[in-house]
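Report on the following structure.
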Amino acid sequence: MSIRAPPRLLELARQRLLRDQALAISTMEELPRELFPTLFMEAFSRRRCETLKTMVQAWPFTRLPLGSLMKSPHLESLKSVLEGVDVLLTQEVRPRQSKLQVLDLRNVDENFCDIFSGATASFPEALSQKQTADNCPGTGRQQPFMVFIDLCLKNRTLDECLTHLLEWGKQRKGLLHVCCKELQVFGMPIHSIIEVLNMVELDCIQEVEVCCPWELSTLVKFAPYLGQMRNLRKLVLFNIRASACIPPDNKGQFIARFTSQFLKLDYFQNLSMHSVSFLEGHLDQLLRCLQASLEMVVMTDCLLSESDLKHLSWCPSIRQLKELDLRGVTLTHFSPEPLTGLLEQAVATLQTLDLEDCGIMDSQLSAILPVLSRCSQLSTFSFCGNLISMAALENLLRHTVGLSKLSLELYPAPLESYDTQGALCWGRFAELGAELMNTLRDLRQPKIIVFCTVPCPRCGIRASYDLEPSHCLC
């Protein structure tokens, strides 16, 4: 029978302080710093508001990662923390052990106490020192007190905690700086989004993700705020379309008002668009406004014309491109020259290439192989879902011999795997898959390689062949 070890003295002290809020407040300046993380977490979960307010004033670390405790936000607890910060901001002389410089409200997966684990809590101290030493991108200088938040707008109205925080920060401008680096929009009406943006330092925002279906006219209302995000690095757009009711002249004006904002974005590097249709025939307008070299271009399931692809291949901003993703962009009837030119521009830097489900045929593949074989940094190549014969696939594999950094390869099942009606012949697919694997192993030793069929019309899953065949779900 095992005997439970007696509680450590620190644990006994913590339990006593949680039971007696008055004692906790009166002894705060004398508490060992090792007690602060667990005591604060318990006080926050039990909503001991006066204890929270006092603990913030005496916090012995430079960073308070409150975001990890805000999974289920409580307004009164948040108010208590902010009231503690208010006291610090107005004090000429801080309490002896008080070191707080950063209130971090970002939604992270860290466990609050794990952040401070270790005998000396040296890890969070080092982390917080880095965060306070770095200049905020929106200010160009170090601030006396920083509040970090990420904005995720997914409800029709702002929740009360975020509303209170933004109003609180706005009223204390000059005493502290509220820094938001990431903005995500999932479903909030545009007038509410604009209300939020008017309370945020837009210079700080580095990443924007819009994950809700917008009309082009709505995007245009958002665009002027985008142009004020001078340090924006990444923009992700989903499901933006132009209504058929918009007259062509108005559509052109709307597109110009959106694309002209990129003239103000000197640090923009990552363009990601998914199911976006309004730029068909107008991509050149956006490309002409780019001010910096792009690292990533993602345009999946987008409507693009051949001239759009040509303009992309001519764009000087793609010469240092690391990722190109054109999944679901139909290239079947395009000349291979724009894609060849695009790869040529990025041949020295390209690391990820995704041409899945582009409808590429043998002749187009043959044209891009010479430049593809020179993409020496390529580590991920996805090409499944294209209409490629066995002979063309074997030729493709031979052209990958010099690509020593390839670690993930996804290829289509050969056309010969299907019958005349387009149905998969399972035995034939397995036979050809084994043959292709043997061909590749004679050339080099692959790391991860998979041959995939088109999606099953019934279950939507691709059958695959890597070391052995794998059926769909039917």
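Along the chain as shown, the residues are counted starting at 1.
Just so it is clear, glycine is given a Cβ too, placed from its N, Cα and C backbone atoms.
As written in Swiss-Prot, here are the features:
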| type | residues | note |
| --- | --- | --- |
| REPEAT | 97-122 | repeat 'LRR 1' |
| REPEAT | 177-201 | repeat 'LRR 2' |
| REPEAT | 202-228 | repeat 'LRR 3' |
| REPEAT | 229-264 | repeat 'LRR 4' |
| REPEAT | 265-290 | repeat 'LRR 5' |
| REPEAT | 291-322 | repeat 'LRR 6' |
| REPEAT | 323-341 | repeat 'LRR 7' |
| REPEAT | 347-374 | repeat 'LRR 8' |
| REPEAT | 375-399 | repeat 'LRR 9' |
Request  = Six or more residues out from either end of the repeat 'LRR 7' (323-341), which same-chain residues have a Cβ under 8 Å from its Cβ atoms?
outcome  = 295-302, 304, 306, 309-310, 312-314, 350-361, 363-364, 367-368, 371, 382, 387
Ask   = Apart from its near flanks, which chain residues at least 6 from the ends of the repeat 'LRR 4' (229-264) lie with a Cβ under 8 angstroms of it?
value = 137-138, 202-217, 219-220, 223, 270-279, 282, 285-286, 288-291, 296
Note = On average, residues of the repeat 'LRR 9' (375-399) score a pLDDT of 97
